[in-house]
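**Q** Straight out of Swiss-Prot:
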BINDING   Glu143, Arg144, Asp197  S-adenosyl-L-methionine binding site
Amino acid sequence: MPSPSSHTELPDSSSLRHILAVAHSPLAEPGVARTLATELGLDWLGVVAPKQVRDYGLLLFMDEHGLALQQTGKGAPGPVRAEFVSGKMGYRREHGGGAGQLVARAVGMQKTRAPLQVLDATAGLGQDAFVLASLGCQMTLFERNPIIHALLADGLYRASLNEACAPIVARMTLHSGNSLDWMNQAGPEAVDVVYLDPMFPHRDKSALVKKEMQVFRQVVGDDDDASQLLEAALGCARYRVVVKRPRKAPAIAGPEPAARVEGKSSRYDIYPIRALPA
């Protein structure tokens, strides 16, 4: 299989440089944040309080809880970070529905006892990949946006220090760069399952989702190459491709999904290639 590409610096033309900077709290170790600012080519503000920042709309902010993406100014919503130990993902790890969870059903974990090799081609903050890894899947994750990649890498590092999470994180390998390039080079049957969750216009009104999507929209935008991702995924998956979509949204342009697993706000379109092993 091809080696993953690495891309840690924002493009020179990126407008993010005008709205995003890196800073840290008095309780955080500044070295990691300062190195990140250098790698990404972003302005370094040192110790600041996000609500007092006026020149930038967003901060990559390191505090005692880890790295976060934080809107600035008075009244800004709280930080967005990759968190697997506590909060929603911690509760889901301890009390989740096992292989009956929607993403696990879509990947096919109720149909096979074989450990699946899954490529999460659009990893984001890694929540679905963490669920699948907690159920035994060997996960390869790609996140091409360097800001989101930094958040996810930090979350996985912190989780690796937790006794309960460390075995799960050991089944997750994160790469930077574009999964589309990797899939186009990988060839047939490179992985068992490819999982896609492209960015889409989100209409969920819950406060958490709204906060996360507001910030993500500024940093990532939409994935305009979703149909290309699907085509490449179908060319390198052994058993199936799974695409997460809003429940009422149309399928990605291309072949029609053969099956769907639906939840309250989202669904999983399934593109089978061959039957999963028993």
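Each Cβ is built from the backbone N, Cα and C atoms, and glycine gets one as well.
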**Q** Within 8 Å of the Cβ centre of Glu143, Arg144, Asp197, which other residues of the chain have their Cβ, at the recorded S-adenosyl-L-methionine site?
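**A** Along the chain, the qualifying residues are Asp120, Ala121, Thr122, Ala123, Gly124, Leu141, Phe142, Asn145, Ile148, His149, Ser179.
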**Q** Give me the count of other Cβ atoms within 10 A of the Cβ belonging to Asp197 (S-adenosyl-L-methionine binding site).
**A** 22
